[in-house]
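Colleague: In case it helps, TrEMBL gives these features for our protein:
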BINDING   His251, His301, His368, His558  Fe cation binding site
REGION    39-78  region 'Disordered'
Amino acid sequence: MASITFSATSANSFFLPTASVSDYSNQYIRDGFNPLKKNLSDTRKKHNGRGLASTNVASPPLPAVAPLLPRRESSNSGDLSHVAWTSVRQERWEGELLVQGEIPLWLKGTYLRNGPGLWHIGDYNFRHLFDGYAMLVKLQFEDGRLIAGHRQIESEAYKAAMKTQKLCYREFSEVPKADNFLSYIGELANLFSGASLTDNANTGVVMLADGRVVCLTETQKGSIVIDPTTLDTLGKFEYSDTLGGLIHSAHPIVTETEFLSLLPDLINPGYLAVRMEPGTNERKVIGRVDCSRGPAPGWVHSFPVTEHYIIVPEMPLRYCAGNLLKAEPTPLYKFEWHPESKAFMHVMCKASGNIVASVEVPLYITFHFINAYEEKDEDGRVTAVIADCCEHNADTTILDKLRIHNLRSYIGQDVLPDARVGRFRIPFDGSAYGKLEAALDPNEHGRGLDMCSINPAYLGKQYRYAYACGAQRPCNFPNTLTKIDLVNKKAKNWHDEGAVPSEPFFVARPGATEEDDGVVISMVSGKNGDGYALLLDGSTFQEIARAKFPYGLPYGLHGCWVPSK
């Protein structure tokens, strides 16, 4: 591989010498676990011999936390040894962490990460990564110190499951078991009304321009407001408009001036592009895109924008009403693969809602778009839009690889489907066809790619760097962090043998003038049941700090940054 690899097991890495999790197992229930409570007040700022300071800080006693969650995941599900795919051991925890290395003093705020944290109810194990009940994790940075915590999001789906010890709402691959035929008919009626769809907001978290923090998933009812400091669930985010619909993109575009989202129309196949002004709950329609082909709109988990345009993807992986009605999951869950319907990219003007380009492109599969920008001629006229995504080579098996059983039963084979930075070029000259090519050699990032972030100042603009999860093979899931240089077409990769890192999130240094001047934050699930928060230098991609959690946390999905007030 041509990329530079910084291994977490190298001499430049930092390991936190703390006691094992088992040493403190009883203390989890008593006071939420705090390994720093004893005799550490005199160990502040001891040097570690590498020229970096280890900041050791003591925390006051914490209030009692919730009891341990029941851990009854069946051994029939495969190897449960990796903490990334194991339900979190307790509902909530908070404490200050021992930092190895140095956290930049300018880093002031809270990184929030959302994702599934509980994959079972009683003796019943969920099927898919995306089914798990949402768990929010925080990393709160202030003056070189780090306070961490996690808590389950108290959705109606989660609360009902905890009360009844059974599934009560439809999750990504799960359907509540009907007691009889009449209850099955009633459940179908609730599906059409949306009453049986989950509000399990386990996918993303965003901070709106007015300061509210909202956790999100694919269902509109799964929009939940939380407190970013306490992680308390504050209530539903209720849209005040009459647009209706049951689903939306799980990844809206959120800036200081607006909130943009796409609403798939399953009845008259197409998409509504909507805008919500800061301080309101009312979405207003910008425009509509009718699907070019196919029986239903393509899955639209995310979408990109430029300064003046919204890019609406139309994948041949399309929503399927028939699959929604089935009591057991199909191979593609809520979707069907329709290669005969072809694939398209549409470009809508933000100001007018007019469609300025619709082109057919090669077949593709993507969960996550990275960024997009406008290509201009020497007179400043837009000639094309460039849109980048984590593209899985039109391989639908990626969905099935994310079944919990498959993730837990890994035995060392190289089964992760290939992925690349897929770069679309959508011309504005009236052409019927666009291009889709790899933006760089996929071997630079191990032919694995997902869970991406950029410097938010470059959203919708021409940019150079992207951060994502890549692969060091053999593997069954992305297991590295990668910094991609789209100009030099190279990548730098970070890897910790046997560990599973989550989304690398870039936070720019205040006043920075270089695109990669900042830090990259990730949370890592370790191979021995442990886990840690990780900070990398955004430019060199070298590790600058880590802080070990009291116990390993499950793999998480997406996060946001909440700056200190």
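Yeah, the Cβs are placed from backbone N, Cα and C, and that goes for glycine too.
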Colleague: Taking 8 Å from the centroid of the Cβ atoms of His251, His301, His368, His558 as the cut-off, which other residues in that chain fall inside it around the Fe cation site?
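Modeller: My list of surrounding residues reads Thr203, Gly204, Ser249, Ala250, Ser302, Phe367, Phe369, Leu557.
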Colleague: Report, as a single number, how many Cβ atoms besides its own are within 10 Å of the Cβ of His251 (Fe cation binding site).
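Modeller: 22, counting other Cβ atoms within 10 Å of His251 (Fe cation binding site).
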Colleague: Provide the number of Cβ atoms within 10 Å of the Cβ of His558 (Fe cation binding site), excluding the reference atom itself.
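Modeller: Looking across every protein chain shown, the total is 25.
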Colleague: Who sits close to His301 (Fe cation binding site): which same-chain residues at least 6 apart have their Cβ under 8 Å from its Cβ?
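Modeller: Residues satisfying the criterion: Glu218, Ser249, Ala250, His251, Thr366, Phe367, His368.
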